[in-house]
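Below is one structure, written out as structure tokens; comments come after it.
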Amino acid sequence: MTQFLPPNLLALFAPRDPIPYLPPLEKLPHEKHHNQPYCGIAPYIREFEDPRDAPPPTRAETREERMERKRREKIERRQQEVETELKMWDPHNDPNAQGDAFKTLFVARVNYDTTESKLRREFEVYGPIKRIHMVYSKRSGKPRGYAFIEYEHERDMHSAYKHADGKKIDGRRVLVDVERGRTVKGWRPRRLGGGLGGTRRGGADVNIRHSGRDDTSRYDERPGPSPLPHRDRDRDRERERRERSRERDKERERRRSRSRDRRRRSRSRDKDERRRSRERSKDKDRDRKRRSSRSRERARRERERKEELRGGGGGGGGGSGGGGGGDMAEPSEAGDGAPDDGPPGELGPEGPDGPEEKGRDRDRERRRSHRSERERRRDRDRDRDREHKRGERGSERGRDEARGGGGSGQDNGLEGLGSDGRDMYMEAEGGDGYMAPENGYLMEAAPE
């Protein structure tokens, strides 16, 4: 395509001119020739010293030997200083040590932000405090992290010594001990090689990380050897964490238990309500069945009475004339009376003492003997209620007659009858051997 371009554009694509050749300024390395070549040292061996005449070499110390030497020199120098200061140290003549040493408590590992008033509030719970002395640095004026507390009574100091060790103040657990400088013979502070704990015995292999007072009296009640203080404190912290965790678990379990109890009570209430509803429905069904059973029983007794009257009605109907008129015939206990139909004066097919009548009597006696005690009690209660209502109704009629003089016309056609007539009307039997209906029930005639 470029060959079809015009010349002015083809000139833009033309190659550059080649670089002009210039001769090198010096020869190449392989072309150089040295005028003085290297040679050996054999001519100079006779000029060396004899190795047998040389002095022995001096041995220089290594880095490890130098560090060990400096450490040893430092320990020796520190021991000399401690011995010098120990000769001058007298705790009984210390101007900073004031008050009774047997009432003074030593508190270490105090937070640098803790004030004297805070210490007083924390340690006044064990007894009245006489004086608190917090130690500060003489050069910078900053707190050193320990203090001395003097109580008014020695028993309060012992109580604080026993119970305040390990107490957390401003986020740090303090160490509580007695003042040993003036109370323990031969006691030396830590700066003079004494003190408590094993954090400055030597290297990391012999030092312990946490230290505290060696109070073996706190472990007298426990069997076996007394544990180390820092391990005991760690165990106490772990025990506290476990107790707090158990308390939280118990609280959660209590909340779940209360929730379960509420759900259980709700389910129990629903269950009781359903059971009561079922019982009510069962009671209704039972009452309905009982009413239907009573109705069937009344119908059965009515049929039996009719059958008795129909079967044994020939014995006593001859003299009555069959029609009856105004007299009300009372059936006898044996069931003899005027039959409902048939000519008067005729006896039954077998007579009053036939085998059919005797069989009916046996069946009736058997049915009566098989009646349950509950039915008899119900019948007696019903009869008693009827008698009571009948007596109340009779007394009300008597009062009405006494007030109205017999002319009020409220006796429904019975005002012409006397008390005997009304009683006879109330006691009259029906045509089927039952008393007159009252309150919807047919009463069976009482046996004479």
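The count begins at 1 with the first shown residue.
Glycine is no exception: its Cβ is also placed from the backbone N, Cα and C atoms.
Owing to the predicted nature of the structure, the values given are computational and were not obtained by experimental measurement.
Comparing SER293, SER408 with the features listed in Swiss-Prot, the residue bearing the annotation phosphoserine is SER408. In Swiss-Prot, the feature phosphoserine is assigned, of SER117, SER211, SER419, to SER419; the remaining candidates carry no such note in the record. For the compositional bias 'Basic residues' (255-268), DSSP puts the residue distribution at 14 helix, 0 strand, 0 coil. With respect to SER268 (phosphoserine), the closest of these recorded positions in Cα terms is TYR126, chosen from THR2, LYS118, TYR126, LYS358. With respect to Cβ neighbours within 10 Å, the recorded positions LYS118, LYS358 differ, and LYS358 shows the lowest count. A Cα-Cα distance of 109 Å separates LYS358 (SUMO2 cross-link) from TYR126 (phosphotyrosine). Sequence-distant neighbours of TYR126 (phosphotyrosine) (same chain, six or more apart, CB under 8 Å from its CB) are TYR151, ASP156, MET157, SER159, ALA160, HIS163, ALA164, listed in sequence order.
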